Structure formats: C-alpha cells, structure tokens
C-alpha cells in the first residue's frame, strides 16, 4: 500500500470491494475494513465510497431491477467512544419527541458476513447499489432454504454458509466462504458440493428479522457493553464480522431517519485492539483533486492484525507540523476498523520537512487553514487528472475510466471530460489503447449518456467546491438544472440549507464550470429530473407518498405512467410485498401478481381507478 497514491488507493478499494461482493476477494474482509478503507478514510474522508452504498461486483448481470425497497448500508463504529456518541444521538432525538431516555430500547444482532439480498416472496434480489439489484431468484429454485425453515418474503437478509460445515467440507476447495457463497448465485449450473450444501441446509438465506438477538434498555447496553458484544458474536454458526445495534422504539427510528447511505438509528460495531510502535521512514506529499496536499507517512513494515502495514496518512501538514511527524519519528499505530492504518499519536517527535512546491506541477504551495494547497487548479496535472476521473466516478453508470485510463489520456493532451466524449475509436487506438479496449471505452461513454442518472448526480460530477451530492440535490429541489446558471447570490442564499457564504461559493463554482457543462450537456444525457419542493408541497392526491406496482397491458405507456407517478410523489416498485400499498392492473394480468397482492393485503385497482385518484 505504500506505493499507492490517494487516487490509486481509492481505485484499489473499489476493486477490492467489487471483488469481495462478486465472491472473489483479493484481500481479507478485515484487511479491507481496517487497512485499506481506513487509510482512504484518513486521506480522503469525502471519497464517494463513504457516501454511497457499496455496490456488488460485475459477476452479476448488468441488467438491474428496482428493489421493492431501498437497502441501505450500516454505519460503523470501531470503539466504545463511537458507540457512546451514537447513543448520545439517540438520546438527543428521544428528547426531541419527549421520549423518556430510560425507555430507549436497543436490539443487538450478529453482523453476518454473507451475500446481501432482498426476498419479496416471489423474487430474490442482490442489494446492488441499494436502489437497483440483480434478480437471483434462481438460488431458491436450486433448493436454498430460509433459516429455521421460515417462510419466504421476509425482506432483507443474507446468503450464508455454516462455519462448521465450510471448515469440514469446503475449506480445501475455497479460500474464503464468500467464494463459495458466490458459486450458489452465479448463473452457471451448481457443482456437486454446492448442491450438497443446499441439500444439507448448510447454505441458507437468513432474513435479518429471524436472527437471534439481545435486547434491553440503553442503560443495560452502557453497563454491560463488552459482555453483550461477546455474547452476540457467538450466537450463530456463520461468519460474523461485528455486532449490529439498533433502536427498537418505532417513534425514535422515525425521528432519526436516514441519510443516503445508512439509517441513523442503527450502527455496526467492529473491534480492533492491536497496536504497535512504529518508526517513520518518510513523509511523502500527494496532490488531491482539489489541490490539497496530503502527507503520506511511510513506515517500517509492521505486522498488525494479520497484515503488514507500510503506510498511513498524516491527514494534513498542519497536523504533521504540530505533532512533529517527521523522518525518524516513532508513532503508535492501530488499524481503525481492523482495516485502515491509523496513527494514534506521535511517541517520539522529529523535525518535519514541509514542502514548498507542488509535487505534481512544481508551483509554490500556500497554506489554507491546516492544509497546504496547490492553487494552480487549471494546470496542475494531478488536479486535472483527478477531476476527470471524478466525473466518471460520480456519474457511476460507466466502467473503464479510472485513474490509469485518465492518466494515459492526459499524456496525449486530453485535458477535459468534454474532450473525452469527443473521442472516437480511431482516436483511442492512436493514443495507444487496443482496438477492443477502445471499442469498450466508446461503448461505456455511450452507456453513460443513455443510462439514466439523477440530474443532481450529473451536476455533482463536475466537482464544484462545496457541491457534493447532497448540496446538488438541495439546489435542484429549488431550481431546475437548466435554470441554475442564471441564479444570483440572493436566490441561492435563500435556499433552505444554504447561506450567503455557501451561496458565494456556488455562484463562483457555477461560473467556473459553465462552459464545460454546456459542452458535455449537449450530448443529451438521460437525466432524471428532481421534483421541485414547491411542486411536492402542492400534491394532495390520495396516492401521494404511497407505494404502487403497475402490471398488465395499460392504455398508456407503462414507462410514461411510472415517470408521471414519480413526478407527483408516488413511489413506484416492481414487485409485490407487504410494503406495497396498491397494485394497479391493466389487461392480461398474471394471476401470480393478483395472488401475491391478496397474500400481502395489497389493494388492487384498475388503471381507470388509479387515474381517478390522481
């Protein structure tokens, strides 16, 4: 890891994550969590990996279907201090709804290390990106059973293999249980040992609501935390990589809600007690997309929590200067979350070497608060490359445009995303890509244009300062994408969640990207338009905020009906479950959908009935 730049580390984490979720891990789960991901978190806390649900690997079909309900990730804590802060957030929310703090109830369950899925009773989906996943219903058709012979349709859970069974019958053939779990899901026919594991009920789907639990009042959790963790970790004969804690009180969960990635009323605890005293060999400056210089600390190779650590982040040069983190320093090191190397404190300070010039463009650096910064934003190679790669990463509907590809394009005078979209196969071959690779890259560019993305994601991909995904969505809830470049400071500052300082930054940011935005926008991206808040507030129809499924042949285009439904505040799903409110039927409806609706108590209405209610 010591040879990796920030961008390369992020790319490696993405590759490792995809390989892990595809059932072909290239490093252990602990190494990923506590070495690489933690290093990335320390170097680049705003990286996309920490803001969005981790997607599964490309081993699954690229054809994705809408999940019956969103499957969020779980926030993680690696110490009692972080759990304590989570409890304080619970208590703060409880006070806001006048809930007695002594009445807060907590549930703890084992955090399974399997393949996440959602079972709606008729289909099984992978988690995918949390909104769309792959249909892997074939795994039930192959005979997979639900844990404890429970019924189908119990929602989110994981496909797992019993630890004792894996150790006895499968460890000689598979390096990790995930490799075997993946073989159950793949489209190819099952081999004999996989089929036997299913028959023996060693491989199972476990709905989370069927997991054994500890439950009690929050005061008991505080008093017996270590004991409860130890108890929960051994509750099941499956691979477990932590303990999930969640509030039980329904009104408290509603109050706390969720962000894009996880529910705030839930957290997963992972523990790492290993520490080491390590000598610093070097401190190397690296340039990020925004021009911030991150000090990368090279360390004497040290075995920690089963992995050899050779690198950690110094966060910023202000901290390096304050701590005396220089060549020859001795630091106390741990693996935060059992994955990422983290310097706890400097035991032996040494003189530090503060760089004067940017390591990428050699221009003088300036201090901005605790950060050394390269302000040569338009011409610094590292920043230009980082911004181009960032566009494709945020857009998230393409493959192939990682740092290595972008660096090669930069070496052949490509300096902007709009220049990339103007390339053809012949151009790429001339640059030095193979013909097949060139064809794939062009196909991915076309895919990024045709495959629908949210308009706020498209805007965020341009990488304006302070305009991440959340702020871009907030802006587009008040003004349409086509109108934002005409907004003045007052109009932006008046948006809820913004203020004058943020407004000034946004105005300048929009000016800086306007030309590039127009060049790229002309390619006709398939953008999903954000509904304006003022329009949502005028929606008073009976089906507002209800979940519906359309089925059968309609008088209107099914796609048009879905788009219209979403535009007026209706949540559209693709399959029947207990979470659905209405099934809207046209002609030639399959009886299975009708029976599923009856089974789950879903109200059935005709297309005419539906139109009359909106």
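Every residue, even glycine, has its Cβ placed from backbone N, Cα and C.
As annotated by Swiss-Prot, NAD(+) binding site applies to 29, 30, 31, 32, 33, 73, 74, 127, 158, 270, with the evidence given as sequence analysis. Per Swiss-Prot, the feature active site, N6-AMP-lysine intermediate maps to 111. Under the heading Zn(2+) binding site, Swiss-Prot lists 358, 361, 374, 380. Summarising the annotation, Swiss-Prot assigns domain 'BRCT' to 538-614 and lists sequence analysis as the type of evidence.
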Margin query: Looking at the domain 'BRCT' (538-614) alone, can you tell me the average pLDDT?
Written below: 83
Notebook entry, point to check: Which of 358, 374 (the binding-site residues) has the most other Cβ atoms within 10 Å?
Noted result: 374
Next item on the list: Tell me the Cβ neighbour count for residue 158 (NAD(+) binding site), meaning other Cβ atoms within 10 Å of its Cβ, over all protein chains shown.
Entry: 22
Item checked: Cβ-Cβ neighbours of residue 361 (Zn(2+) binding site) (radius 10 Å) -> 16
Check: Taking only the recorded positions 74, 111, 158, which one has a CA atom nearest to the CA atom of residue 374 (Zn(2+) binding site)?
Finding: 74
Check: In angstrom units, rounded to an integer, how far apart are the Cα atoms of the residue listed as 'active site, N6-AMP-lysine intermediate' and residue 74 (NAD(+) binding site)?
Finding: 10
Notebook entry, point to check: If you count other Cβ atoms within 10 Å of each one's Cβ, which of the binding-site residues 74, 380 has the most?
Noted result: 380
Margin query: Helix, strand or coil for residue 74 (NAD(+) binding site)? Use DSSP.
Written below: coil
Checklist line | Cα separation, residue 380 (Zn(2+) binding site) to residue 74 (NAD(+) binding site) (Å, whole number) | finding: 37
